[in-house]
Amino acid sequence: MREMYPKKGRVILHVDMNCFFASVEIAHDSSLQGKPLAVAGNEKERKGIIITCSYEAREYGIRTTMPLWEAKRLCPQLIVRRPNFTLYREASFQMFQILSRFTEKIQPVSIDEGYLDITDCYALGSPLEIAKMIQQALLTELQLPCSIGIAPNLFLAKTASDMKKPLGITVLRKRDIPEMIWPLPVGAMHGIGEKTAEKLNDIHIQTIEQLAKGNEHIIRAKIGKHGVDLQRRAKGMDDREVDPSQMGQHKSVGNSMTFSKDMDEEKELLDMLQRLSKSVSKRLQKRTLVSYNIQIMIKYHDRRTVTRSKQLKNAIWEERDIFQAASRLWKQHWDGDSVRLLGVTATEIEWKTESVKQLDLFSFEEDAKEEPLLAVIDQINDKYGMPLLQRGSQLLRKQEKSFQQKLESKFM
């Protein structure tokens, strides 16, 4: 199959999952197959917007970022699911695991897309055959559809994957650029947003062809060096390489909660922080992962966002340790103002088998005693789907909260 690969240059695939969140929901619940489905915010709140929707929903004119009330007007029978980011992250993890069977040269771009450099993968088949194998594996094993672009560089591969959806495979060569890409408006080009398109329009650049053939000095003067990079890509030139080191950056496990109303009660916020820590812990343990860095995110009522992280000497994975790190960050950085969103994320992830928790003399005996107990508590709670068993510290905090509420209701 070596003859199917270029003697010089590279072969890049861009794998882009189709309607990812909606597709994951359908894979999780087959009764949604073939029906208009949207993943969106709370139906009861008019502020809810469409995060993504199925192709059946798009036939009614429903689009991403559309207000939910408008989507329901266009399609009264629209099925709405609240976003389940735990489910989506798990599906993303499985997706990249499948991609890693074909090559180690993988660069995640987001939760649902990534680049693969298959230049040296000729033993597996032609580029088109490899793309078909990837597409079939994702569809068979995860019930998730994707589109794949095949090209000599990252920009063209990304452009190609957008051309046929769903379940498309598109080959885009440099010689195809004048016919397939140049006639398009500059706003349709990957990497050009609305504001950049407006600036290019100001200097009479309307199409990608005009960008490719435009005066470099005028373009640079208008939008800087980024404009020159865009011009090179419009000509089909892109020297960026697939960066496998970003695969590690993709490995983060996090959960966040947006509150229906602003919260400023510290005990309630700490209780939520512990629930988020527990969720992160369970997902780490499910994947046999550990973390060396814990991060919290606080979004205030006025949309101010604070993100802080703590580097850890030892790898952690248990709820107790994650919550301890998160709560310390919280106490250091919460300014007392009311909060709309709270998040906990474990980063700098490694496989647990590759990492050893370095226990000091005082923590070793305590951890050794508690690990079997924590495992039993988690198993029983998971089996019955509810927190039947809890640690004493959790119960004590709940009792304090209940007692406080009774006092408030009696004397206020």
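Each Cβ is built from the backbone N, Cα and C atoms, and glycine gets one as well.
Marked as domain 'UmuC' by Swiss-Prot: 12-193.
Within its own chain, Asp112 (Mg(2+) binding site) has Asp16, Met17, Phe20, Ser92, Met95 as residues 6 or more apart in sequence whose C-beta sits under 8 angstroms from its own. Residues or ranges marked as Mg(2+) binding site in Swiss-Prot (evidence: sequence analysis): Asp16, Asp112.
On its own chain, Phe21 (site 'Substrate discrimination') has Val39, Ile51, Thr52, Pro83, Tyr88 as residues at least 6 apart in sequence with a Cβ closer than 8 Å to its own Cβ. Residues or ranges marked as site 'Substrate discrimination' in Swiss-Prot (evidence: sequence analysis): Phe21.
Swiss-Prot lists Glu113 with the feature active site. Counting only same-chain residues at least 6 apart in sequence, those with a Cβ under 8 Å from the Cβ of Glu113 (active site) are His14, Val15, Asp16, Met17, Ser161. Glu113 (active site) falls within a strand segment according to DSSP.
What Swiss-Prot lists as compositional bias 'Polar residues' is 246-257.
Over the domain 'UmuC' (12-193), the average per-residue pLDDT in this prediction is 93. The number of other CB atoms found within 10 A of the CB of Asp16 (Mg(2+) binding site), across every protein chain shown, is 22.
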